[in-house]
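In what follows, a structure is listed as structure tokens, so that the remarks can point back to it.
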Amino acid sequence: MFPMVTEFMNYGQQTVRAARYIGQGFMITLSHANRLPVTIQYPYEKLITSERFRGRIHFEFDKCIACEVCVRVCPIDLPVVDWKLETDIRKKRLLNYSIDFGICIFCGNCVEYCPTNCLSMTEEYELSTYDRHELNYNQIALGRLPMSIIDNYTIRTILNLPEIKT
């Protein structure tokens, strides 16, 4: 008779323990119910990127002195700089500059160490294509300024700031 009583006591303790675990999980679920959704309707809503966002690199051809500092500081030696030495003025003349964004890791070293500030990071992050060879940008494509999502009236912008609870 005693084994049956102890089994009923163990069953009761297990039931109470299971109810407590279910209650704890339910409390966590309820604590998340008051939060705003994290997901957005992407093509129609876009987050405003932060000030130091590392997007596509913008290149200004006129400022570049072909010093190749960007190539030396790049961890993967990515920028391709073609130049010609002008002997009469003893300066390098830039012929071609290109970056392959299929390989770029967007570390920002080239932008940080450029002595003439001809490189800068933009807020553009939509670089997907069907052909990987389209990701190889020359100086003309790098010089194109990105269209700001703030100026596009068909896209609703969402400011990504943490809420301050009062």
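Keep in mind that glycine also has a Cβ here, set from the backbone N, Cα and C atoms.
As written in Swiss-Prot, here are the features:
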- CYS64, CYS67, CYS70, CYS114: [4Fe-4S] cluster 1 binding site (BINDING)
- CYS74, CYS104, CYS107, CYS110: [4Fe-4S] cluster 2 binding site (BINDING)
- 55-84: domain '4Fe-4S ferredoxin-type 1' (DOMAIN)
- 95-124: domain '4Fe-4S ferredoxin-type 2' (DOMAIN)
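Features recorded in Swiss-Prot, as mapped to the structure shown.
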residue : record                          : Cβ contacts under 8 Å, 6 or more apart
CYS64   : [4Fe-4S] cluster 1 binding site : LEU94, TYR97, THR116, CYS118
CYS67   : [4Fe-4S] cluster 1 binding site : LYS92, PRO115, THR116
CYS70   : [4Fe-4S] cluster 1 binding site : PRO79, VAL81, ASN109, CYS110, TYR113, CYS114, LEU119
CYS74   : [4Fe-4S] cluster 2 binding site : CYS107, ASN109, CYS110
CYS104  : [4Fe-4S] cluster 2 binding site : ILE57, ILE76, LEU78
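In the structure as shown, the Cβ atom of CYS110 ([4Fe-4S] cluster 2 binding site) sits within 10 Å of 22 other Cβ atoms. Cβ neighbours within 10 Å of CYS114 ([4Fe-4S] cluster 1 binding site), excluding its own Cβ and spanning all shown chains: 20. Per-residue pLDDT, averaged over the domain '4Fe-4S ferredoxin-type 2' (95-124), rounds to 94. For the domain '4Fe-4S ferredoxin-type 2' (95-124), the DSSP-based tally of helix, strand and coil residues reads 5 helix, 9 strand, 16 coil.
The residues near the [4Fe-4S] cluster 2 site, meaning same-chain residues not in CYS74, CYS104, CYS107, CYS110 whose C-beta sits within 8 angstroms of the mean position of the site's C-beta atoms, are ILE57, CYS70, VAL73, PRO75, ILE76, LEU78, PRO79, ILE99, ILE105, PHE106, GLY108, ASN109, in sequence order.
Note on CYS107 ([4Fe-4S] cluster 2 binding site): other Cβ atoms within 10 Å of its Cβ, all shown chains, come to 14. Excluding the listed site residues CYS64, CYS67, CYS70, CYS114, the same chain places ILE65, ALA66, GLU68, VAL69, VAL81, CYS110, PRO115, THR116, CYS118, LEU119 with Cβ atoms within 8 Å of the centre of the [4Fe-4S] cluster 1 site Cβ atoms. Remark: secondary structure over the domain '4Fe-4S ferredoxin-type 1' (55-84) totals 5 helix, 8 strand, 17 coil, with classes taken from DSSP.
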